[in-house]
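Taken from TrEMBL, the feature S-adenosyl-L-methionine binding site covers 255, 305, 355. For 383, the entry in TrEMBL reads active site, nucleophile.
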């Protein structure tokens, strides 16, 4: 009651913009790390309880000791707690001080019309190098006579900045620009000024390995929709993971926490229980990190990925590391996988690892996995298990359904291992092992 009265009397100060941003993007930042892990363990426990309840509704006896459908291990901690992100996306918008060319992260919502862009200098999961590049980009666009593009239909040009770094010391910057009505000559001038700033001007302090420019008229564009134009440096940056070297293109997926990914992939190899005779199916393989890191354990790796540039990287990565037992297929998993598995007659054991985006797996992908009798073991790695992935879990475990064309024997969840790939946030990577 005393606290309520204090608030009513306005005696408690409003949080600063820095605090608001930290609360928005790293809501656990005030907690000691061991308490963060406990919070995440409880959240993953609730997710498994939800899955258990849904399975019960399907007539599946999923209640094991502890009320969960499978054992839940403690959260595996991240080897690095601060500054672990190897990729950061910064927006350009009006800041709390009214500066329309503030480079930072959003606070507020579009629905409430209270969005402001706050500098991220204090955010604990973003490394110093990313903050440095963001500060230099802000300095450049503040010097520019061109406006920032806050709303597409109201004009303006300067937009997002993506910074990618690696443990090898490489830094890639990707700048998104709305061309509006500018002609090719005017665009060439802006690209030349940007290159000069980062190679000869104040931006040289960033020591960029790669500087990319993307002309985009949409909120998000793929390389196919709006090609990335290399203004300076190398076309790729390189990362080392579990003794292998990986090439990374501007839009290729790579786990955002490299040190955490090493621990995750090591455990994935143990859970897969592959033999030298096994074939590993790596679905949503990105640049091939999981498949290539486990290639020495199996007879063959088959990777599928929608981003064409990532598949190019995966093939390069395999060749560079002298790995010859991998094949990678470019295209949507729902189009490629059913064709791959429809006439599968290989007698060797087939183990599947899936690592989809937050949108989960397309139904046709789940159906192809269910209907391929050779797949007896499936490792599902999800960054949002409470979302669309939950639908996938139920589709994998439900009884055969002729209407849905789910003819194969159902899978059963046997083990859940949470990984803290995102310290200071509420997010957690959940690895669920299914067998049948």
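Cβ coordinates are placed from backbone N, Cα and C, and glycine is handled just like the others.
Nobody curates TrEMBL annotations by hand; they come from automatic prediction.
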Open item on the list: Using the CB centroid of 255, 305, 355 as the S-adenosyl-L-methionine site centre, which other residues of the same chain sit with their CB within 8 A?
Closed with: 253, 254, 284, 285, 286, 287, 289, 290, 381
Task: Other CB atoms within 10 A, centred on residue 355 (S-adenosyl-L-methionine binding site) - done: 22
TODO: Report the largest Cα to Cα distance, in Å and rounded to a whole number, among the residues 255, 305, 355 that the record lists as binding S-adenosyl-L-methionine.
DONE: 15
TODO: Please report the number of other Cβ atoms within 10 Å of the Cβ of residue 305 (S-adenosyl-L-methionine binding site).
DONE: 26
Open item on the list: Please report the Cα separation of residue 355 (S-adenosyl-L-methionine binding site) and the residue listed as 'active site, nucleophile' in Å, rounded to an integer.
Closed with: 8
- [ ] Would you mind reading off the Cα separation of residue 255 (S-adenosyl-L-methionine binding site) from residue 383 (active site, nucleophile), to the nearest angstrom?
- [x] 10
